[in-house]
Amino acid sequence: MKVFFVILVLVNGLSARLLSEDELTGLFKKVLRNQASENDLSVINDVFHIYRPTYLMKTQGTHTRTTLNCLLCRSIFSALIDMVEENQSEQNLINAITTICSTLGIVSPKSCSGVASRTFCGLLFQTATNPNSCVSNDPRFEWTVDLPEPSEFIETKFPQSNSKPLKIALITDAHIDPFYEPNGVADCDDPTCCRKGQTPRTLTYNYDLLETYVDRSLSNVGDTYMLDLDAATRIKGVNIVSRNNNISPPAGYWGDYRNCDSPIWAYDDVIERIASAHKDIDVVYYIGDNIDHHIWETTFEMINDVNRYIIDKMRKEFGDDVLIVPCIGNHESQPTNQFAPSSIKGDKLNTTWLYEALIEKWDHYLTEEAKITILDKGAFTRLVKPGLRVISINSNIAYRNNWWLVYDPLEAKRHLEWLVSELYKAEIAGEKVHILSHIPPGVHDLMYTWTREYNRIVNRFSKTITAEFNGHLHSDEFKIFYNGTDPVAMAWGVGSSTTYSDYNINYKIATIDNDTFKPVNIVNYIYNLTEANLRPNRRPHWFQLYDVRSSFGIPDLSPASLDNLVYRMVTNQTQYLDLYNAFYSKLSDKRWQNCNDNCKIDNLCKTVVTVLWERSKCEELRSLYFSTKL
C-alpha cells in the first residue's frame with residue numbers, strides 16, 4: 001500500500017511541483033550565497049507565499065501548519081549552519097539573516113552540527129499536546145539534576161512579633177508601550193498595534209479558503225514531507241480585499257483587547273489603586289515582563305528606561321518600608337527572549353548588561369549575595385522575614401524562544417542545580433520558601449527536560465516550598481503538582497497588568513499564614529476594559545472578581561483541596577467549571593462568552609499538567625466531563 005501511495009505521489013508530481021526538505025535547503029543555500037538564479041528566486045517566492053498565511057490563521061497549531069513551519073525553519077537554519085561552518089564573514093551572516101546573526105556568529109562547528117537546525121526548530125515549534133510535532137532528538141537535552149536525600153532536622157519555629165497574616169500584593173506583566181496612542185490604530189498591518197505612527201490594516205482575507213489551501217500544501221511520503229509549490233498559485237488567488245476605509249474601532253484610552261500593549265497611565269493606575277486600597281500590604285511580588293510586544297523596535301535605551309520606571313513607580317507609591325521582590329520576564333532582554341549563558345562575554349551579546357542594570361535599579365531591595373547571583377544567573381534569593389525565604393528564578397533560560405538553548409542546553413541544568421542548592425539550604429535552616437518564576441511549569445514555552453526536572457525538584461522539596469507564583473500567560477490559572485496520584489504542591493498564576501490580548505487587567509492580594517507561610521486565601525481584583533474606555537476621563541472602576549476559598553467553596557488552598565475541586569468541576573459540580581472559565585479570562589468581553597465545552601476543558605487541563613506532554617490527568621478530566629454529557 002505504501003509503494004502504491006509513493007507511485008501516486010510520483011505520478012501526481014508530473015503535474016504538481018513538489019519540493020523536498022533537502023531541495024528546499026539547497027535553494028536557501030544558494031540564496032544566502034547570492035548564487036540563486038531567477039528561477040530559484042521564483043521558487044523561494046512561492047514557498048513564502050505558502051508560509052505567510054500560517055501566522056494569519058485564526059486557528060493555530062494544526063499538524064499541517066506546524067509541519068510547514070518546521071520544514072521551513074529547518075531548511076533556513078541548516079543553510080545558515082553551513083555558512084558558519086564555512087567560516088563565512090560576520091557581515092555575510094548579517095546579510096543572510098539579521099535577526100539571528102549575533103547568535104550564529106559565536107556557534108562553532110563543534111558545538112553546532114547539523115542537529116542544531118532540528119533542535120532549534122523543534123524548540124521553536126513545539127506544542128503543548130504533541131511531542132512529535134517537530135522532533136529534534138538532540139541528546140544534549142537529555143540530562144537530570146541530582147537531588148540530595150532529605151535532611152534530618154527538627155522543624156524550626158521562628159518567633160513572630162505578631163500573628164497577623166502576611167499580605168502580599170501580586171503583580172505581573174505590565175508590558176508598557178511608551179508610544180501607546182489613545183484613539184490610535186488598533187487594527188494595523190503589524191503584529192502589535194495601538195502605537196503612534198501606525199496605519200490601518202489595508203488587506204483582509206478569505207481565511208477559510210486560505211486555511212484549506214495551506215493545509216493541502218504538504219504531501220507525506222513515509223517520513224518525508226513534500227511541499228506542493230502549486231499551492232502558492234491557489235493562495236495568491238484567494239480573495240484579498242482592499243480596505244480603503246478601515247472601520248475597526250480606534251484604540252481605547254485605558255488599553256485595548258486587541259494585540260495592543262498598555263499605556264503608562266494604565267500601569268500607574270494599577271499601582272496607585274493597590275497603594276490606596278490595600279494599605280496593609282507587607283510585601284510585593286512582581287513577576288516580570290515590563291517591555292512591550294513590539295519586539296522589532298526595542299532598544300537597550302528604551303528597555304532600560306521602562307525597567308527603571310516600573311520599579312521607581314512601585315517604590316514611590318508603596319514606600320521604602322514595603323519590600324518588593326522582582327522576577328525577570330522574557331521581554332526584559334535585548335533581543336527579546338535571549339538569555340545567554342554566563343560563559344558568553346561579548347559586549348551586548350551576553351545578558352550581563354541587563355543583570356547589571358537591574359541590580360542598580362533594584363538595589364534598595366537586594367542583599368549583596370543577591371547581587372552576585374543576579375549578575376551570574378538573573379536569579380536570587382532573599383529572606384522576607386524570619387522563617388520565610390523567596391527564591392526568584394530565571395526560567396527564561398529554558399524558554400523555547402531563547403536561541404542560546406541550542407548553543408548550550410546545560411545552562412538550564414546549572415540554573416536548576418542552583419535552585420536545588422538554595423532549597424536544600426532553606427530545608428536545613430527550617431525555612432519555608434516561595435518561588436517566583438515568570439514562566440509557569442509545564443507549558444509549551446519551556447523545554448521538556450526543564451519541566452520534568454523542575455517537577456522532580458518540587459516533589460523533593462514539597463515540604464519546604466509553600467507557594468509558587470507565575471506570570472507570562474496573562475490568563476488567570478493555577479497548577480497542581482502531583483507525586484504519582486497525590487497532589488503535593490501549588491503554583492498560582494498572577495494574571496497580567498495588561499489587556500494584551502483579550503484580557504482584563506488585574507492584580508491579586510495573597511494572605512499568608514504567619515506561621516506556616518502557606519496561602520490562606522488569594523483575592524483577585526479587576527476592572528472591565530470596555531466600561532473603562534467609555535469613560536476615559538475617569539479612573540477605572542475596580543472590583544473584587546473573586547476570592548478563591550469562598551468563590552469555589554473550598555476549606556483551604558491546599559493541593560488536596562484544589563485537586564478535589566478540579567474533579568468536582570468535571571463531575572457533580574460543573575457550575576464551578578463555568579466559573580473557572582469566566583475567571584480564566586478575568587471576565588473578558590472578548591473571551592469567556594465564546595468558550596465552548598472543549599475550550600473549558602482545555603483551560604482546566606492546564607491545571608494538572610506541570611510536565612510538558614504528560615497529560616494523563618488531563619485526559620482523565622476530559623473523559624469524566626464528557627461522560628456526564630452522554
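Placed from the backbone N, Cα and C atoms, the Cβ positions cover glycine too.
No curator has checked TrEMBL annotations; they are predicted automatically.
As annotated by TrEMBL, Zn(2+) 1 binding site applies to Asp173, His175, Asp289, His474. With a 10 A radius on its CB, Asp173 (Zn(2+) 1 binding site) counts 27 other CB atoms from all the protein chains.
In sequence order, Thr172, Ile287, Gly288, Asp289, Cys327, Ile328, Gly329, Asn330, Ser395, Asn396, Asn470, Gly471, His472 make up the list of same-chain residues 6 or more apart from His438 (Zn(2+) 2 binding site) whose Cβ falls under 8 Å from its Cβ. As annotated by TrEMBL, Zn(2+) 2 binding site applies to Asp289, Asn330, His438, His472.
The annotation disulfide bond is assigned in TrEMBL to Cys70-Cys134 (among others).
Taken from TrEMBL, the feature disulfide bond applies to Cys101-Cys112 (among others).
Taking all protein chains in view, 25 other C-beta atoms sit within 10 angstroms of the C-beta of Cys193 (disulfide bond). Residues or ranges marked as disulfide bond by TrEMBL: Cys188-Cys193 (among others).
Annotation source TrEMBL lists disulfide bond at Cys194-Cys260 (among others). Around Cys260 (disulfide bond), the same-chain residues at least 6 positions away in sequence with a Cβ under 8 Å from its Cβ are Asp177, Tyr180, Ala186, Thr192, Cys193, Cys194, Arg195, Ala251, Thr499, Tyr500, Ser501.
Proximity of Cys595 (disulfide bond) to non-local residues of its own chain (separation of 6 or more, Cβ distance below 8 Å) is seen for Asn581, Tyr584, Ser585, Asn603, given in sequence order. Marked as disulfide bond by TrEMBL: Cys595-Cys599 (among others).
As annotated by TrEMBL, domain 'Calcineurin-like phosphoesterase' applies to 262-475.
Here TrEMBL flags 504-607 as domain 'Sphingomyelin phosphodiesterase C-terminal'. On the 0 to 100 pLDDT scale, the domain 'Sphingomyelin phosphodiesterase C-terminal' (504-607) averages 97 in the predicted structure.
The signal peptide annotation in TrEMBL covers 1-16.
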In the chain carrying Cys134 (disulfide bond), residues 6 or more apart in sequence that have Cβ under 8 angstroms from it: Thr66, Thr67, Asn69, Cys70, Cys73, Cys121, Gly122, Leu124, Phe125, Gln126
C-alpha spacing of Cys599 (disulfide bond) relative to His175 (Zn(2+) 1 binding site), in angstrom: 26
Neighbours of Asp289, Asn330, His438, His472 excl. site residues, C-beta within 8 Å of centre, Zn(2+) 2: Thr172, Asp173, Ile287, Gly288, Ile328, Gly329, His331, Asn396, Ile439, Gly471
His472 (Zn(2+) 2 binding site): tally of other CB atoms within 10 A of its CB: 26
Alpha-carbon distance [Cys188 (disulfide bond); Asp173 (Zn(2+) 1 binding site)] in Å: 23
Additional residues around Zn(2+) 1, ordered along the sequence, whose Cβ is within 8 Å of the centroid of Asp173, His175, Asp289, His474: Thr172, Ala174, Gly329, His331, Gly471, His472, Ser496, Ser497, Thr498, Tyr500
Cys599 (disulfide bond) to Cys188 (disulfide bond) - Cα separation in whole Å: 28
